[in-house]
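Listed in TrEMBL:
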TRANSMEM  15-35  transmembrane segment
DOMAIN    17-283  domain 'Sugar phosphate transporter'
TRANSMEM  47-67  transmembrane segment
TRANSMEM  95-113  transmembrane segment
TRANSMEM  119-139  transmembrane segment
TRANSMEM  146-162  transmembrane segment
TRANSMEM  174-192  transmembrane segment
TRANSMEM  213-237  transmembrane segment
TRANSMEM  243-264  transmembrane segment
Amino acid sequence: MYRNLEEHNRLVNKYLKIFFVVALYWCTSILTVFVNKHLLSSDAVNLGAPLFMSWYQCVVSTIICFAMSRLSRKYPSVFTFPEGNPLDIDTFRKLLPLTVLYTLMIGANNLSLAYVTVAFYYIGRSLTTVFSVVLTYLILRQRTSFKCLVCCATIVLGFWMGVDQESLTQSFSWRGTIFGVLSSLALAMYSIQTKKSLGYVNQEIWLLSYYNNLYSTVLFLPLIILNGELGTILAYPHLWAPWFWAAMTLSGFCGFAIGFVTALEIKVTSPLTHNISGTAKACAQTVIATQYYNDVRSAIWWVSNIVVLVASAAYTRVKQLEMAQQHQQRNAATLKA
C-alpha cells in the first residue's frame, strides 16, 4: 500500500512538473511576442527600428551568458555553464556561417513582426516545416515520405489562404509577409546548420547560444546602418527615457528566456511534445491577439489558421512514427546480425 502511494505521488509530481514547464513555455513565448510588438509599433513606444531591437536583445543575452560563465567558475556548486572562449579565432571562423543565419533569422523575425499583426504572425512564419523538407533534400539528399509531403502541401495551402484573407484587411503588409517567409527560411537553414556546428562546441547548446549572440552583436551593426535605422534611433524622442530601456531590457530577457524554457520543455517532455505544445501555443496566441487588439476576422481566415495548425501537428506526428519505425527496424537488423 505504501509503495503504491509512493509511486502515485511520484507520478503526480512528474505530471505537475510537466504542466508547470509547459505553462512557463507558453507564458514566456506569448509574452515575448507581445512585448516585441509593443516596442515596435505601439502608439506609446513605436520605436521603428526592429534591427536595433534585435541587436539589443543579443547584447542582453550575451551579458547574461557572460555573467553565468563567470558565476559558474566562482560558484560551481550553484551555477553551471560550459567552459569556452568566444574570442578564439578558429571557433569564430567555424561558427560564422551559423551566426549569419542566426542574425538573419532574428532580424527577419522582428522585421516581420514590425509590419504584421500578432494574429497573422504565426501564419506569416508557418513555412519553416516546408523549407526544412526542401533544404533537407537539396543539402542532405534525404527524401521525405509521401505522407509528410501531403502535410507540407496542406501547410502551403493554409498559408496561401491566410495571406489571401489577410490581404483584404487594412493591416496587411506584403513587406511583413515576405520577411516572415525569409525568417522561416533562415530558421530552417539554421536548424540544419546547427547539427554540424554543435560539434565545434562539444555539443554544448548554451555555449553555442553564447557565441551566436556575441557574434551577432557585431553583425547587426552594419545591417542597422544599411536599413536606415541610425537616424531613426538618434531622432527617437524617448531614447534616454528609463522606461524605454527597461522595456528593451525586458525584451532582451524574454529573448534569452525563450531559449532556456524551450530546452527545459524538451528535457522534461520530448521534442515531439515540444512541437505539439508550440503548435497549440500558436493557436492560443492567435486567439489572444484577436481579442486583445479587437481584430474581427472572417471564417475563412480562421479556417486557414486551423489548416496550418492541424497540418503542422500531423507532420510532427508522422515524423515521430516514422522515426520509431526506423528505430525498430535497426534493432531488428542488429538482433539478426
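Even glycines carry a Cβ here, placed using N, Cα and C.
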Restricted to the domain 'Sugar phosphate transporter' (17-283), the mean pLDDT of the model is 86
Six or more residues out from either end of the transmembrane segment (95-113), which same-chain residues have a Cβ under 8 Å from its Cβ atoms? 33, 36-37, 40, 50-51, 53-54, 57-58, 121, 124-125, 175-177, 179-180, 182-183, 186-187, 189-190, 193-194, 197, 200-201, 208, 211-212, 215-216, 219-220, 223
Verify whether three or more Cβ pairs under 8 angstroms connect the transmembrane segment (213-237) with the transmembrane segment (119-139), leaving out any pair fewer than 6 apart in sequence. no
Determine which residues of the chain contact the transmembrane segment (213-237) at the Cβ level, with the cut-off under 8 Å and only residues 6 or more beyond its ends counted. 47-52, 54-55, 58-59, 61-62, 65, 86, 92, 95-96, 99-100, 102-103, 106-107
